[in-house]
Every structure is written in C-alpha cells, then in structure tokens.
Amino acid sequence: MRILGIETSCDETGIAIYDDEKGILANQLYSQIKLHADYGGVVPELASRDHVRKTVPLIQAALREADLTPADLDGVAYTAGPGLVGALLVGATVGRSLAFAWGVPAVPVHHMEGHLLAPMLEENPPAFPFVALLVSGGHTQLISVTGIGEYRLLGESIDDAAGEAFDKTAKLLGLDYPGGPVLSRMAQQGVPGRFVFPRPMTDRPGLDLSFSGLKTFAANTIHANGDDAQTRADIARAFEDAVVDTLAIKCRRALDQTGFQRLVMAGGVSANRALRGRLAQMMQQRGGAVFYARPEFCTDNGAMIAYAGMVRLKSGVDADLSISVRPRWPLAELPPVAARS
C-alpha cells in the first residue's frame, strides 16, 4: 500500500509517499521560516497563501522522487487538525480533491497522532504500551498509549507549551525567529549553575505542567544581570536545564503511575539534544527504553502523516467527500485501531 501524505497545519508544507513494505519513498519539505521571520512568529494568512503556492508543486516533486504516477497510489492522507484553520483547509482541499480525481480514499489525520507515530518510521520502533511525551510549539502532553487510537491524557501544560516557552525566552535574549533551536545552541556555551530557574509544578503531585513563569523569570534575570554574551548563554543554559528537568520529572512520574517501561518522545522539541540525553539516561537507569524519530521527522513533515494515514486507511475510512478541518481536536477523541498494521 502506498499513501501520499500532506502536512499543512502551520508553517511547513510537507509532502511524502509511504509504502508499507518499502518505507518512505519520497519526502519533500518547504519551510516558511524566512517568510515569517520579520514578524517574529507565524502570520496565519501568509502561511495559508504560501501553502497554496507550494503544495501541488511539492506533490509533483514527490511523485518524481519516488518515480511513481498517481495511478500507483492507494490513498491520500492529509492533516485535518489541530492547527491553523486556513492552513489546514489548504491541505484538506488539495488532499480531498486529488483523492476524488484519482479514485482513491482520502484519510483525515490528527496532527499529533502523526507526531506520536513518527518513531514508528525508524528501524527500531516502540512496542505498546508506552508513555508518550508530545512536546512541541503548540502542545506539551503526557499520554498513556496502549495501542493506535488508544490514548489517555495523563497531564498537559496549563499555559505555554514547552516549545512556545523556548521561542519566547529566545526572543527576550534577542535571538532570531524561530529562537528555540538557537537558544539550545547558545545554552551549550553557558556555565551550568550560575543561574537557577524554578522547576514549575514539580513540588506538587500530578502530571500537569506550566512553562509561562519561566519566561517571566528569564526576563527578570536578564534585567538584573545585563545582557553580555556570556550572561545570555548562562541564562539560556539555566532556562533549558529547568525545562529539561521539569519534563524528566513529569515523565518519571508518568512511568511510575502507568508501570510502563517504554517512553516515546515526539514533536519538535523532541529533537533537543539535552532533553534526549537526559531522558535516555533516566530510562537506562530504570531498565527501560526511550524512542524518538530522527530530527527531520520530529518537526512537522509529510512522512508522519502518510504513515498515520496508512494505519487509519487499513482500519477503514469514511467515504464522505466533505472537506472539514478541526483547529482544536483532542487526541483522546480518535477511535482505536483494532491491531497494529
């Protein structure tokens, strides 16, 4: 089975073709970072217009890369939510239209399920059950996963997502958009322990998280200590250490609560080297294992949508031709898949 995946939920246009026997046959990605850089964040209308310009040419490029024609495809998967409504509608409209024209099913995919299943694209995929840490610019959640579509929310951020906190703190440090990855590189030059940030909500029971206060703490620290290069690096290090420690503490609690021995990291922030190292060390000490996708599949991409769409298509899809998206869409509302395909 070969599935075309279309990802247009935010500011990346991702197109991929996945074969259930051969794996990824094509992967095309266009990032809008330069388009939004002058605004310091994603402008929804600009994002939608750029998806309109890029989606079909990238689909054509993916077919060429895979040396396939539309007749070789068995379905089209597209991100139906959550995300920016205009951006989602571009992918949904193109996906539904092509599927109708080609005579194949169209599969709406949950963006965060795509992220959650991205580690399945690797040579050593995780087995069920596991705890999933979904950590990105828009979401930070801990999920109990006992099968595909069998998701139970354990805890989530009550304010800023971890990735959002990274970007906002980076902006306070004068770093270019998107600042999260730049902050992480700067943190490598920082002196550990010079500044100590709080670990929010770790002094109370439960698995919910909070990161908005770290931004305020960073602003106050910058104001009180100046902004020379080394001080900025030290603040970046203290901020990253606080986020990583907080996530590790909450992951440990989630594993204790569920009794699971496998941890999956997914979403853009799962590419963070410090977080990967900390959680790998923690899981080794526990006698468990941590799983994550290669860095290019941690951020938004079409491959994860194609894979998730394939799984859903094999379980049966609705033949309804209506085009609808869900900017807000709880992961727990997804129906379960009877068996892993």
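Each Cβ is built from the backbone N, Cα and C atoms, and glycine gets one as well.
Not measured: the values here are computed from a predicted model.
According to Swiss-Prot, the protein has these features:
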BINDING   His111, His115, Asp300  Fe cation binding site
BINDING   Leu134, Val135, Ser136, Gly137, Gly138, Asp167, Gly180, Asn272  substrate binding site
Neighbour tally for His115 (Fe cation binding site), based on other Cβ positions within 10 Å of its Cβ: 30
Integer Cα-Cα distance in angstrom, Ser136 (substrate binding site) to His111 (Fe cation binding site): 11
Using Cα positions only, nearest of the binding-site residues to Gly180 (substrate binding site) (His111, His115, Asp300): Asp300
Closest of His111, His115, Asp300 to Asp167 (substrate binding site), Cα positions, binding-site residues only: Asp300
For the binding-site residues Leu134, Val135, the one whose C-beta sees the most other C-beta atoms within 10 angstroms: Val135
Rounded Cα separation (Å) that holds between Val135 (substrate binding site) and His111 (Fe cation binding site): 13
Output field, Fe cation shell: CB within 8 Å of site CB centroid, site His111, His115, Asp300 dropped: Glu7, Ser9, Thr79, Met112, Gly114, Ser136, Gly267, Asn301, Met304, Ile305
Largest tally of Cβ atoms lying within 10 Å of a Cβ, found at which of the binding-site residues Ser136, Asn272: Asn272
Closest of Leu134, Gly137, Gly138, Asn272 to His115 (Fe cation binding site), Cα positions, binding-site residues only: Leu134
DSSP three-state assignment for Gly180 (substrate binding site): helix
Cα separation, His111 (Fe cation binding site) to Gly138 (substrate binding site) (Å, whole number): 11
His111 (Fe cation binding site) and Gly137 (substrate binding site), distance between Cα atoms, whole Å: 13
Integer Å distance between the CA atoms belonging to Asp300 (Fe cation binding site) and Asn272 (substrate binding site): 15
